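Participant: Can you read through this structure? Questions will come right after.
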Amino acid sequence: MGGRPGYLTLPIFSVVAAIGYVYYTTVFVAVPRWLGLSTAAGVANAAAFTALAAACLATYAVAVRRDPGRVPPGFVPDVEDAESTVHEIKRKGGDLRYCQKCCHYKSPRAHHCRVCKRCVLKMDHHCIWINNCVGHENYKIFLVFVLYAVVASFYALILIVGSVLHSVPKDEQPGSDSSRTSIIICGVILSPLALALAVLLGWHIYLILQNKTTIEYHEGVRAMWLAEKGGDLYHHPYDLGVYENLISVLGPNVFCWLCPVLNTVGNGLRYRTSYDLPVSTPPKKIAAHSQ
């Protein structure tokens, strides 16, 4: 079920409901059964998970509301700019990429989203779970949210498994069966969710290390095949090396890489490439094929 970007949709309500249910079951059912909320260990774990859940909810809200960035209507690529060593062109015809729907040129790494009905800067994908595109301006916050969600999911699983394995005292009040059922249901929901989120996080870490978006990965597979077919080698033009790739996505401050702060590098209209040369050496114009 889709909706206009920025609007609340069924998937968004589902995510918020899932966060609320997991939080309640973990803090008010699992922790009391295993550690007790009157113990230091119980209070510490409840407080830690509360902080983690709050971070998940906050970063999720920002990912939903944050505009991923859009190509300005009057944008025109400057083919004479000596500092711009890569110009993306159409695979067929070799013309500069032009969006027929938005009626303007596309900036490097930008793509048109059929759901958002606009060209998105450095578009990675459109995510129905945030009813928004993941692009230049909100990619990091999306990544941090997934990271927090993975940590919170496995943390909750540990507490839930511990409460299930905990031997229930004989004098425990009636109702323990219902709480145990609630814990088991939560565990059944969390197990595939934690695995899926971990895979998603691993996938995006892989992309970041190569400075690729999901779209560029799939385009690169085809480009590599075409290059090998012609006896050439394909090199992703935006791959600057592991450290520079991390900086370009997570920001220049290493201590803020895992923090939910918006320190996006650049304006999304121009990106450094592996073909950037010293000013003293005239750069060679290189065209990158894209759609």
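The backbone N, Cα and C atoms fix where each Cβ goes, glycine too.
Taken from TrEMBL, the feature domain 'Palmitoyltransferase DHHC' covers 95-218. Taken from TrEMBL, the feature transmembrane segment applies to 7-31, 43-63, 141-162, 182-209.
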Participant: Where DSSP helix means H, G or I and strand means E or B, what are the helix, strand and coil counts for the domain 'Palmitoyltransferase DHHC' (95-218)?
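Facilitator: Once the DSSP states are binned, the domain 'Palmitoyltransferase DHHC' (95-218) shows 66 helix, 17 strand, 41 coil.
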Participant: Need one number: mean pLDDT over the domain 'Palmitoyltransferase DHHC' (95-218).
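Facilitator: Computed over the domain 'Palmitoyltransferase DHHC' (95-218), the mean pLDDT is 90 on the 0 to 100 scale.
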